[in-house]
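According to Swiss-Prot, the protein has these features:
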TRANSIT   1-61  transit peptide
TRANSMEM  106-126  transmembrane segment
REPEAT    113-205  repeat 'Solcar 1'
TRANSMEM  182-207  transmembrane segment
BINDING   187, 330  ADP binding site
REPEAT    213-296  repeat 'Solcar 2'
TRANSMEM  219-239  transmembrane segment
TRANSMEM  273-293  transmembrane segment
REPEAT    307-387  repeat 'Solcar 3'
TRANSMEM  309-329  transmembrane segment
TRANSMEM  362-388  transmembrane segment
């Protein structure tokens, strides 16, 4: 917005003083009462009394008023005073130009809305982490579900880590280790994006009146974020599991059509209950431990990528060890023809069939997968958050420089 001015002239007002006027808002030309506040802004004021003639040239600032007083002797020994107050430009007029953005590349990130940047950061972090650890995930799924897939007649109730690796390589080749990864990536992009974005959102909601986030608040934010992302992407998780462990399927569309034809829409939500029960504490513990451990480090270490990686490994190890049995239960309930009707039914059934160790089938490959997976995801997201914060500071610095250059000279006194 450009500068707007109006001119008011007062004639034949003897001993014109500021006390002669009562306005609804503080006038920019007021003298005695404004001296201290304007000096703090670096402005200078002339005397407090006008005689004979006074003219007022006024333009109002939205955020602050800067005035220029010029006192000159008029005819008959009278004094003439002029007040000029300049309207500032709108904030967007101080925004960096294209040339300034090119000179400061970090500021380019601020072009993307912060919420959108966080959302896409979560998506990228999840996809990268999942693709790297896909072979370990496939091995874990085979170990977790072998007992149910083999059936009651099979004498071999479980397979080991090395046996699962050998079986995949022998029957399916190298590509077999990434079987089911495409639907997993398709799922993990919205899943990770929603999860990490939701966590940041829930943390804001769960802050106390003092603005601080308690341990319970962090746990609650993590649990809600985990359940939110699971609810949104759950059908894709079921498709990924079926494609990874059931023979005969080659594409995700084949699995989906067969499930609709033979089992109905409800089959896409098999095991949703235990999934929510397992993911809520897992994400709550994982994210909470990551935040708290990172926060407890000396400030100089908090900014280092290595610290984020190690912290994420510790958080993932604690969360995995605590919540893994629930993950095994939900996987077995997702399978076609599962004999289990509830979480308690699955819990007792697995123990009766395989013993307590059955609840931890696939724990080793899962730990090997989840630790780098979580490290890559949380570290990538942490780095992007730092970049976003840095870009905001850079944009503000450039805008402040532009504002200073555009600001008019403040009060100059001439006699």
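Heads up, residue numbers simply count up from 1 along the chain you see.
Placement of Cβ uses the backbone N, Cα and C atoms for every residue, glycine included.
Its own atom aside, the Cβ of residue 187 (ADP binding site) has 23 Cβ atoms within 10 angstroms in the protein chains shown. The number of other CB atoms found within 10 A of the CB of residue 330 (ADP binding site), across every protein chain shown, is 25. The transmembrane segment (362-388) shares the most Cβ pairs under 8 Å with 106-126, out of the stretches 106-126, 182-207, 273-293. Sorting each residue of the repeat 'Solcar 2' (213-296) by its DSSP state yields 72 helix, 0 strand, 12 coil. Under DSSP, residue 187 (ADP binding site) is assigned to a helix (H, G or I) in the three-state scheme. Only residues 6 or more beyond the boundaries of the transmembrane segment (106-126), in the same chain, are considered here, and those with a CB under 8 A from a CB of the stretch are 96, 100, 188-197, 200, 376-378, 380-381, 384-385, 387-388, 390-392, 394-395, 398. Counting residue by residue with DSSP, the repeat 'Solcar 3' (307-387) contains 70 helix, 0 strand, 11 coil.
Under DSSP, residues within the repeat 'Solcar 1' (113-205) fall into helix, strand and coil as 78 helix, 0 strand, 15 coil.
Per-residue pLDDT, averaged across the repeat 'Solcar 2' (213-296), gives 87.
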